[in-house]
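Copied over from TrEMBL:
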| type | residues | note |
| --- | --- | --- |
| SIGNAL | B:1-37 | signal peptide |
| DOMAIN | B:42-121 | domain 'Blue (type 1) copper' |
| BINDING | B:HIS72, B:CYS108, B:HIS111, B:MET116 | Cu cation binding site |
Amino acid sequence: MQPSMIPRLCVLSLFLVHAFSNAETITAPTPPPHEWRLPDHVPYPDGNEPTPQRVELGRMLYFDKRLSRDGTTSCASCHDPAQGWSDGLATSRGLDGKTLPRASPTIINAAYNTIQMWDGRKASLEDQAMGPMDSPDEMATDFDKLMALLGRDATYRAAFQAAYPDAPIDKLLIAKAIASFERTVVARNAPFDRWLAGDVTAMTLQQQRGFQIFVDPNTGNCAVCHRAPLFTDNGFHNIGLSSFGREGADPGRFAHKPIAVLKGAFKTPTLRNIAETAPYFHDGSAATLMDVVEHYARGGDVKTNLSPNLKTGPLTQQDKDDLVAFMQALSSPIPAPIAAASTRVSHLPVAGK
Amino acid sequence: MNVQATTQALPPSMMKTALYALTLMVLVMASTGDADAEDHVVTQSNMSFSATDLTVKVGDTVSFSNRDSMAHNVYSLSDAKTFDLGSSAPNTSKKVTLDQPGVVDVECALHPSMRMKIKVTQ
Ligand SMILES: [Cu+2]
């Protein structure tokens, strides 16, 4: 054998080894998919920089049931840290046990959303926070009573003064404080994040395979909508839920933008901490992550107005298991001070009792 | 316009001729209108439009060319032009004619962060 052949044979054998080992395992893609790293900077609007004082005030308000008309409901009732910042229900339960038409989305990383709500009807977190307080079914806040209470309460008075010196306490200020708190509910320490940062053992091989399927346009094709780095395109899609076939079906985004493709389209949700927020979809119709994957694998149920981007390739049972395993690698632990606060504040006395 | 009043007064044969003449006139007008109309190309790539602001003349067309690997939509609900191009698959292009002066806010319904403005001038 000629010496010049040796390097070539080496390359060939390396290639073969690689090709065969690939069948068993998928190594971390090179270069690392940097585009999936969550941006360090949490965006906030002019005039509402989330200072520690604002965050603390917002935390108090977020967990305070006295914000609701009857003292039963805080933001945390439906966006509970212990339930992945959602509520564990198919669709939310409002005041007087009323069943609401849609599921409570997690507020994890909602700070990064460029549009809020399943139908995108709110632009910012500030704008959003006033919604549940105004809604007769959610909190039905009695603002006269609430302002009186906040004005009487020395702790709140001091907290408002520290957060927004000399600003009159009103609805907007409450919303700004709550939004500041929400901007700290950020998940960036999941096995997936550690894997992205270079810890190759942070995700199991099955989870790494699941990620490959997730981004592969020919198989999972999930990342076309659950895009890097937020697992959402901040976009709206009809993914063929069976509820869309029922009479009087929720039109979703179409109610706000009457464009044909938006009939039955809802916002692509983040998949952060998704393993903790079952059941799934805006109507709570999928009980498990495997149910979700099966839904995509069969191309949806009602196919009359499917998003043109909904194209899941053929998936083997192994692929489906891998996708589920990958989604389980997206859970970050809840920051300890917030977890502790949620139990502490829920014992606050209720107004009028 | 009182076209109806005139045609009603004409005998059938003359009415036919009048209709032909009218059709011809419309065609000529339309084609002379086209003669200096321009086609502007806006590409959709990496989930954004290649232009955020575009100025065109009344009668011009804008072609939206999708260079992304995902489908997009193009629509406007503006007074100056209301249209919905449906969905455009990757590597396809769709065209709209701007026939009135004004400002047209263009968006992708699937991805509302994709937006641009077309200023249509006389
Ligand atoms: Cu788009």
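Cβ atoms are placed via backbone N, Cα and C, with glycine included.
Curation does not apply to TrEMBL; its annotations are automatic.
Known features from TrEMBL, placed on the structure.
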residue	record	DSSP (3 states)
B:HIS72	Cu cation binding site	strand
B:CYS108	Cu cation binding site	coil
B:MET116	Cu cation binding site	strand
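In this structure, B:MET116 is the one among the binding-site residues B:CYS108, B:MET116 with the smallest number of other Cβ atoms inside 10 Å of its Cβ. Here the domain 'Blue (type 1) copper' (B:42-121) has, by DSSP, the following mix of helix, strand and coil residues: 0 helix, 50 strand, 30 coil.
Neighbouring residues of the recorded Cu cation site, listed in sequence order and excluding B:HIS72, B:CYS108, B:HIS111, B:MET116, comprise B:GLN44, B:MET47, B:SER48, B:PHE49, B:ASN73, B:VAL74, B:VAL106, B:GLU107, B:ALA109, B:LEU110, B:PRO112, B:SER113, B:MET114, B:ARG115 (Cβ within 8 Å of the Cβ centroid).
When Cβ atoms from all protein chains are considered, those within 10 Å of B:HIS72 (Cu cation binding site) total 27, not counting its own. Residue density at B:HIS111 (Cu cation binding site): 26 other Cβ atoms are found within 10 A of its Cβ, drawing on all protein chains shown.
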